[in-house]
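Asks: Straight from TrEMBL, here's the annotation block:
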type: ACT_SITE; residues: C735; note: active site, glycyl thioester intermediate
type: COMPBIAS; residues: 143-158; note: compositional bias 'Low complexity'
type: COMPBIAS; residues: 171-185; note: compositional bias 'Polar residues'
type: DOMAIN; residues: 1-83; note: domain 'C2'
type: DOMAIN; residues: 200-228; note: domain 'WW'
type: DOMAIN; residues: 225-258; note: domain 'WW'
type: DOMAIN; residues: 300-332; note: domain 'WW'
type: DOMAIN; residues: 339-372; note: domain 'WW'
type: DOMAIN; residues: 432-767; note: domain 'HECT'
type: REGION; residues: 140-189; note: region 'Disordered'
Amino acid sequence: HSRLSSFVEVTADGLTSETKKTGKCTGHLELQWNEDLTLNVTPQSRLDLKLWSCHTLRKELLGNATIDLLDTLRTHDGKMENVQLSLLLQTENKGSVVAGGELNVCLDGLVVDLGSLPSGSAAPDSKSCIGETAANGIEGGHLSRPALSSPSLSSTPSAGMDSSALPAATETPSSTDQTSIATETHTTDALPAGYVRELGWEQRILPHGRVYYVDHNTKTTTWERPLPPGWEKRVDQRGRFYYVDHNTRTTTWQRPTAESVRNYEQWQSQRSQLQGAMQQFNQRYLYQSSGGVVENDPLGALPPGWEKRQDNGRVYYVNHNTRTTQWEDPRTQGMIQEPPLPPGWEMKYTAEGVRYFVDHNSRTTTFKDPRPGFESGSRQGGSPGAYDRSFRWKYHQFRFLCHSNALPSHVKISVSRQTLFEDSFQQIMNMKPYDLRRRLYIIMRGEEGLDYGGIAREWFFLLSHEVLNPMYCLFEYAGKNNYCLQINPASSINPDHLTYFRFIGRFIAMALYHGKFIDTGFTLPFYKRMLNKKPTLKDLESIDPEFYNSIMWVKENDLEECGVELYFAQDMEILGKVTTHQLKNDGENELVTQDNKEEYISLLTDWRFTRGVEEQTKAFLDGFNEVVPLEWLRYFDEKELELMLCGMQEIDLNDWQKNTIYRHYTKNSNKQIHWFWQVVKDMDNEKRIRLLQFVTGTCRLPVGGFAELIGSNGPQKFCIDKVGKETWLPRSHTCFNRLDLPPYKNMEQLREKLLFAIEETEGFGQE
């Protein structure tokens, strides 16, 4: 038989939002997916299952089957708990319906009171059904572990699907065992050896293939799989089964399995291993909490009983005295601050807190304030303030775009911690890109928990930790001591590497769209590429100092006097294979001279940033653009984009000062150092992060803080060097975490020059 590659598609009630697919499975006679698919259903729902074969250019329907949940519930007394069904697949062949094999599925997670269901054919309101099932502690049904008999085989009835008597161990099962036989069947996963050694259980198989379990302690048999060690099954006052874990003294509605217990233990182990990184990850944010006291607030403290809060980026005020809320600041309420809007205009706010204006005369909207004198971006007008690059304002514009293009409903992604990368890859790539804009609902298989944002946040952290791992050869560190990531030219060794980069592009776009952070970030030149900006020669210093030094030598020396012959061609080695790239047509025959040296340096710099990664970068950007249009990022620069993806953490000023070294300055005797730290102290956390980016090239600190900063030559603490004249701007050397601070005459001059440098300069080298 030829190898068959296929997947199963399940749809509830014909809804595209409730359509799930398994991963692809390849085999000869029998295919097994062993996957859980979770869908939102009601007792009256209808499940359509389709088996598709996978081809390079198209897919072919091998067979389909239908499950009527109401009939199934009536057959099993309203309890759909691990109910196994054998479905006969049918397909059309020349106008007639023929058998196409057999599909075995297991339904679980739906318990209803049959007496409360209407006897007529009219379906009740779906909300009442969902509410009823939720009252029983169940959210919805899920389809799990389908297994396929080859379509080429004749269909046979499923063995063991009746409630036939079990074989005896020494005696027949007790009456309680017989009761469970009729309603519960389980998977054929091998019983762990620990059950036999510790608990005295053994798994056996009947001649026709049905699995049963032998309890050697009581000399009885049962169809029901035994519970893991330390677990007990109980019944509450309403007749519902629940399970007690005596190991942790907790209870759950979900029936535990060895796999779910193992998943939980691995989750605990993973949490302990990544505890430091995860703790720092959870401390990242984009804005400080508005509920705290703001230092140096020019308006002073709030009146007694008042509190300032922030929701979705918009600030409001709570009056605990009267238990009311309002948008206006009570300290400025009643003050005439702004002139009235022109006739026919109205001011409104988006759900993200961004102010916009409605012109009812022309039925148009705009972010531009229509009042005279406010279009220049003054602080009263709601546009950016004096700092026109206001990250907060730009972020609000981006969130407004995301909110305006959000889709209803939600998208579920079910993954296992053991196969997180593969599961996420299969499901994200099987979805339509715009579906990834729906609200995320992440399910960790084998674990309880409803995703109200926390599980999604952990999923982004863990998956980014996986997909950006250099061990997969998709990305590499920018240098020996630069742990920012860039695309690995050797990734082409993987024949599916472009599909993976498209997936990663979608994933990174999802993080931005849903306002979540990733674990590690990329190099600044990579962010520039995302923004369609051209990297500069200075950017090269942070990712390849040796290459940068070579180019600088060419730039600063006369090649003819030095007797150096260079041509417009460059060799590159990938996995032992050397290739030559022509920087221009017939470049290998054109000599570099003093006259064309600048052109050579420009072409060589451009080539260094793109060598061997053009296709990978395009695949990444294509995947990103499918979820979030790249035009939406036009507000940001590369450093702000890094902040959007990685977030920022609270800067510990004492730790910063304690782990700073000085060259040509002394810590206590130079007034410039005192002024510098006073200026940093007066900054808000956002500007401190910008200063950190300016000097180190990244917005993220190592887990150990400033003491663990890394430079191009290894550990390198933050350094302040006395360089230049008072008319110069501060300069930075990101390879060495060094700030060149000229000897300014006063603190205001230092403040002005420093802020201008970190907010306005390009390439870190202006004087």
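Backbone N, Cα and C atoms are what each Cβ position is placed from, and that goes for glycine too.
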Asks: Using DSSP, tally how many residues of the domain 'C2' (1-83) sit in helix, strand and coil.
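Replies: Counts, helix then strand then coil: 10 helix, 43 strand, 30 coil.
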Asks: Along the domain 'WW' (339-372), what average pLDDT does this model show?
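Replies: Value for the domain 'WW' (339-372), mean pLDDT as a whole number: 79.
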Asks: Looking only at the domain 'WW' (200-228), what are its DSSP counts of helix, strand and coil residues?
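Replies: Taking the domain 'WW' (200-228) as a whole: 0 helix, 13 strand, 16 coil.
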Asks: For the domain 'WW' (300-332), what are the DSSP-based totals of helix, strand and coil residues?
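Replies: Once the DSSP states are binned, the domain 'WW' (300-332) shows 0 helix, 15 strand, 18 coil.
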Asks: Around the residue listed as 'active site, glycyl thioester intermediate', how many other C-beta atoms are within 10 angstroms of its C-beta?
Replies: 20
Asks: For the domain 'WW' (339-372), DSSP counts of helix, strand and coil?
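Replies: Secondary-structure composition of the domain 'WW' (339-372): 0 helix, 13 strand, 21 coil.
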